[in-house]
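Feature annotations, courtesy of Swiss-Prot:
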type	residues	note
ACT_SITE	R245	active site
BINDING	R164, D369, A382	FAD binding site
REGION	1-27	region 'Disordered'
Amino acid sequence: MKNTQTNGTHPIIDKKPNGTLNGDHQEYPTFSQEKLDDSIKRGIDLQVFRYPSTGINVLIAGAGLGGITCALECWRKGHNVRIIDRSPSPVWTGDNVQIQPSAILLLRHWPDMGYEIEENQYDVDMSYYRQTGERIWGPAPPMFNDPEHLPGRRGFPSVNAHSRIKLYRAFLKQAERVGIYVEWGCKVVEYWEDVEGHAGGVVLENGEKRTADIVVAADGLRTKSMTIVPGMPDQLTTSGKAIYRAGYPVEHALKDPTVREMWNFKPEDKPIWQFWLGNGSHNMMCLTHDLAFWSFIHSHAESASESWIPDIDPAEVITEMEKNDAVHPAIAALIRTAPKGSVVNWQLKFRDPHEQWTSPGGHVVQLGDAAHAFLPTSGNGATQAIEDGVTLATCLQLAGKAQAANATKVYNKLRFQRVSCGQKMGFVNQQLKQHTDWDAIMKNPALIRSRYPKWVWSHDPEAYAYEKFAEALTHVVSGGRVPLVNTNFPKGHKYRHWTMKEVQEQIKAGQKLEDLQDGDWS
């Protein structure tokens, strides 16, 4: 990848690739004793080490977190990478994003990016309240940071909460450090593959064609790859829910006397993260040293859109909240502090799990939301997209150019069951907060905590791909005659296909989703 700009790129930094060890050119920088000690103590690479070239050409369509992760890891694993995106420039909107430890592991190989993200993340404890103001539980860290889970953990810390804008900027900057520049304004209208020619490709809106050994569809829920992936549901299904969400400078919130009185928050204090639960809905609020975030998940309304255009009046949010339950005055006050142009109302749509993420020949492969939709209550969508990128790049490295098309199928087999179980956890958390069993919670308030299962956060996607690749490849090339036994989802669980409609009917019938699952989902 040449370190040059092309039409449509919008560089975040203006630097040449940093000193990397890539088999061709080696630089040996000096490091401070402090950095050397930290590298040894926490298991963080001193610099980015690039593996020898595989000769595999990878084209990634979609420069979200999953797509950028895939680009970075494909570069690190020795592949040739290009990345395009339909947006005319980077999208600097969004509020907060949750990243679990299994995805944070990636940063140990990208130290500059890791230190930047570590500096900007929000170390939050979580509390849970009723809309009356009654505290249920907390403050306490997310489950994966309970004291008993911390010994032996290495790499950068995972504290769960990040500014989406800061996190995304760090990923883009790291890509540019190694010479990967996103080509913006490239809208894909069609995917194709030529099995005999061992290639996949895309057609852009302007009629231009791009081709590569492997094409990664990382272009979101409405991916155009659905026409080339067998068995993929054509339509997205509404979940019946939508989410108001906002993020803006914290000084707007702290100007309000009711907000100041309720939370007594100062920018130098530890961030506050609270869930407020009502009748069939819930909202989240967070105050940090520089930003305020809040969200409210509610029953689907016609005003909800599929656009991130922040054009919602905060008064609309309060009106919608009052349909379910009385709104605490402090929550209403906080919502009113959102400045114009900061609030979105986003439909929560879902696509039932589909087992195949590749084109028939394997030259086109889906990643992130294009392969699997997550509800925000899972706190897991971005994490799984990052895991996807790590896994796919590793499978391509192990397969080599001759088996690259089979590598995408291996990636698919390693990921599907895990991701499908993760998707179901979004409904578990939704039921917990919107169909709360208050009798059980009053007996044991800790049961209200958001579920962050150990089988999710303790996973190492790179190590798992190295461990399972040969077994999975044999499974693929044998046409499934040789079994593959995945171990990256709940222990003891026997996977079976499920649908959103089935889960919603179970919730409506008053059945607890957690109690219906076999195996250990904790």
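Each Cβ is built from the backbone N, Cα and C atoms, and glycine gets one as well.
Location within the structure of each feature annotated in Swiss-Prot.
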{"residue": "R164", "record": "FAD binding site", "contacts (Cβ under 8 Å, 6+ apart)": "T93, G94, D95, N96, V97, G247"}
{"residue": "R245", "record": "active site", "contacts (Cβ under 8 Å, 6+ apart)": "D95, F293, W294, S295, F296, V343, V344, W346"}
{"residue": "D369", "record": "FAD binding site", "contacts (Cβ under 8 Å, 6+ apart)": "G64, G66, G220, L221, T223, G381, A385"}
{"residue": "A382", "record": "FAD binding site", "contacts (Cβ under 8 Å, 6+ apart)": "L65, G66, V97, Q98, I99, A103"}
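Considering only the residues assigned to FAD binding, R164, D369, A382, the longest pairwise Cα distance works out to 16 Å. Highlighted in sequence order, G64, L65, G66, V97, G368, G381, A385 have their Cβ within 8 Å of the centre of the Cβ atoms of R164, D369, A382, the residues recorded for FAD, and are not part of that set.
The residue listed as 'active site' carries a strand DSSP state (E or B). For the recorded site, D369 (FAD binding site), the DSSP three-state label reads helix.
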